[in-house]
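Here is what Swiss-Prot says about this protein:
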| type | residues | note |
| --- | --- | --- |
| BINDING | Q87, G105, E106, G107, K108, T109, D507 | ATP binding site |
| BINDING | C900, C902, C911, H912 | Zn(2+) binding site |
Amino acid sequence: MLTNIAKKIFGSRNDRLLKQYRKSVARINALEEQMQALSDADLQAKTAEFKQRLADGQTLDGILPEAFAVCREASRRTLGMRHFDVQLIGGMVLHDGKIAEMRTGEGKTLVATLAVYLNALAGKGVHVVTVNDYLASRDAGIMEPLYNFLGLTVGVIISDMQPFDRQNAYAADITYGTNNEFGFDYLRDNMVTDQYDKVQRELNFAVVDEVDSILIDEARTPLIISGQADDNIQLYQIMNTVPPHLVRQETEEGEGDYWVDEKAHQVILSEAGHEHAEQILTQMGLLAENDSLYSAANIALMHHLMAALRAHSLFHKDQHYVIQDGEIVIVDEFTGRLMSGRRWSEGLHQAVEAKEGVEIKRENQTLASITFQNYFRLYTKLSGMTGTADTEAFEFQSIYNLETVIIPTNRPVQRKDFNDQIFRSAEEKFEAVVKDIEECHKRGQPVLVGTTSIENSELVSKLLTQAGLPHNVLNAKEHEREALIVAQAGKVGAITVATNMAGRGTDIVLGGNLKHQTDAIRADETLSDEEKQAQIAALEDGWQAEHDKVMEAGGLHIIGTERHESRRIDNQLRGRSGRQGDPGSSRFYLSFEDPLLRLFALDRAAAILNRLAPERGVAIEHNLLTRQIEGAQRKVEGRNFDMRKQVLEYDDVANEQRKVIYSQRNEILTSKDISDLMQEIRSDVVSDLVDTYMPPDSMEEQWDIPTLENRLAAEFRLHEDIQSWLKADNAIDGQDIKERLIERIENEYAAKTELVGKQAMADFERNVMLQVIDNQWREHLAAMDYLRQGIHLRSYAQKNPKQEYKREAFTMFQDLWNGIKFHIASLLTSVQIEQNPVAVVEEQPIGNIQSIHSESPDMEELLGQSQTDLVTEAFNPDGTDFSPEALEARGQIVHRNDPCPCGSGLKYKQCHGKLA
């Protein structure tokens, strides 16, 4: 109560921010006439002027009013769109690194141009992040004329682009792309073995469209680059036969083999279930008699069994996935879109493939991963925009340090939001939905019906067909027709059935989207120019009449067939109606069979229902019920927030390790001379090895000299008689032995370097180091994943799982780092160089030049392409200079992908171009 009184007296934080922004709006508006008076050339020259002022020390905030005024005027001239005052406020909110909540239809795409233009002037690049390739290409195409007019370049990142094209797109002043593409490019950049293969620049400023969808809904979905692991595919098929033999428990304490916790989306085997599963697996010959699923040797069996149980109990066709072209394609639970190319991890995808009888593809091993939470926190400045952020404002603030500012609408919202209607059964609910649609259709009012699953959208479609009502269905299966269906959803009497509308990205215009219709006519190659003009003219004449008719009928009517777990998704559905002051209405139809009511509000709601006891087909409308449902939604939102926060807390541990590894990789990639680093690694490894078998401050009797000598011979090809050193000099200690061994290793290494050349050896070292780091990091990620999966069991021993995870992860990372150094030192020290004469270069195939030999059995696998790095020396015995500078001086033009002129057969960038 005191908070409400304070808000009335002083205004809310949001009110105070808007008041400050309006002062800046007044300054921008005061410059409008001045900008309108400028010629195109003078207006365009402002960009160069701003860049110079920034170079002279002025800040972006200092030039903001002028830059916004220039962008607004340029937009008016190139796009025919002038920014409203509230859009100027939105632009300032984005520039300040905050989230702008703007209603559907308020022009978020245009708002972004203000902050994007201003921040692009700094020359460090700006990323505009969208939810799919279509929106990235569309928004970039619409706004490119504006940016080009102002002297800025625009790039677009879409899937399947080649690295060279990606480099060009990232080099542009402004880069559009999806959250997935930006994230995967970051991971790929940290896997390259040549710094020139990187595509991204520094992560400077990002504007995230539909920020709640990306930073909230997808926060728990990590980006993973993976490779195929060695896996027994037949085991998935065998395990798929086990779940039908196990009995599902009706309640958590009931009889049976396993309990399905729908709230937590988990399957828990009971004690009896473990015994039953062990009996079945023993009969199948997969488990030895009296053996346990919990023994270390049977971890893989337990992993496959739980994956099969989850596939059968929690993942359902046409709700969580569809089968398309013989493959399992995941359905996004928030947007209803197909997520082609994505696969569930931990063997779940293979278990679902086995359940559905489609081809089982091998389980993947993680090579690199990052969550969106940690990726977007890498940007120097981050901002976002959406129509629904206020309900998640606390999460944005606590996790991303992003404040949410609610931007007022340009025109007052005219939409009427009716109370929910609640029915006893789903059958009664859908009957009422069809009746409401029928009434709207009769008066010409367009209707958008929102469902939470493909299954429900197809059920509604079936009922509408039976009622003789024409309609369009928009769900994951109709992805190709999506834009066309949405564009016409506002026509007179149109009925559109859609899975969740989150992130659809296309406004529903009353009377139909005229631009989409005229574009379709212009693209029709069967029509002549005269026919096209005639059809467009007729369309434009008829559109206004249709628009007016829809307005009179009440605008777009939204029908929700059930409440989503998140109020935000419900608000997104409602927000499709009433854009820019248009009339509209919305109503949700619920039943006590809906998952939300069944799982979270059943007890009290059932008691209320029994008291009211309506007849069949009669709806209940009661404030207490509405509050009960909203309370259930808040409960789910709170639980989901806790889960996302927990994911972040665990991922933060891996994130710190990731930063160290990627920083070290980058240092190796970019350093011209890594000899000091190599020397330090060799010294550390030898010191650690000596300390292991000759512990400091220990007696000589405790030393294990024979094992030390064997390890030195096996790992470093260093055959030294340390026993004789000790006999010859009684005063010798561990430190003296370290110094002698390091001196021997350094002398041998210097001889090898002299043999092949310093630069060639440096490149060889760099490749080996990178490959060792990548291999060891990959194994570490798998170990961290296994640790994470089982760490919750520590709570049974009265230990804090998070603290235990941090402690063990730290120990594992120390072991990782020591292992990396040991493998690098061992491989590079044990390498032998063989000189093979090259009499006639043209007749000597590269494959016959054996530059490196190793007794280590996995040397070939670890080194891979590194063997060819020494070829450059063999093909250039007279030391001819093939550097870019020398070639240019001789008038030779050699591009990076051309064959090297030395005759090695390698590309220039992999040969002397790389050495340069």
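Cβ from N, Cα, C; glycine included.
Where Swiss-Prot records a feature, it is marked here on the structure.
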residue: Q87; record: ATP binding site; contacts (Cβ under 8 Å, 6+ apart): E106, G107, L110, V111, L114, N410
residue: G105; record: ATP binding site; contacts (Cβ under 8 Å, 6+ apart): D507, R579, Q580, D582
residue: K108; record: ATP binding site; contacts (Cβ under 8 Å, 6+ apart): G90, A100, M102, D209, M385, T386, G387
residue: T109; record: ATP binding site; contacts (Cβ under 8 Å, 6+ apart): D139, I142, M143, D209
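Residues Q87, G105, E106, G107, K108, T109, D507, recorded as contacting ATP, have a largest CA-CA distance of 17 Å.
Excluding Q87, G105, E106, G107, K108, T109, D507 themselves, the residues of that chain whose CB lies within 8 A of the CB mean position for the ATP site are, in sequence, M102, T104, L110, V111.
Look at T109 (ATP binding site): DSSP puts it in a helix. With the fewest other Cβ atoms inside 10 Å of its Cβ, the least crowded of the binding-site residues E106, D507 in this structure is D507. Neighbour count (other Cβ atoms within 10 Å of the Cβ, all protein chains): 23 for C900 (Zn(2+) binding site). Within 10 Å of the Cβ of G107 (ATP binding site) there are 19 other Cβ atoms, across all protein chains.
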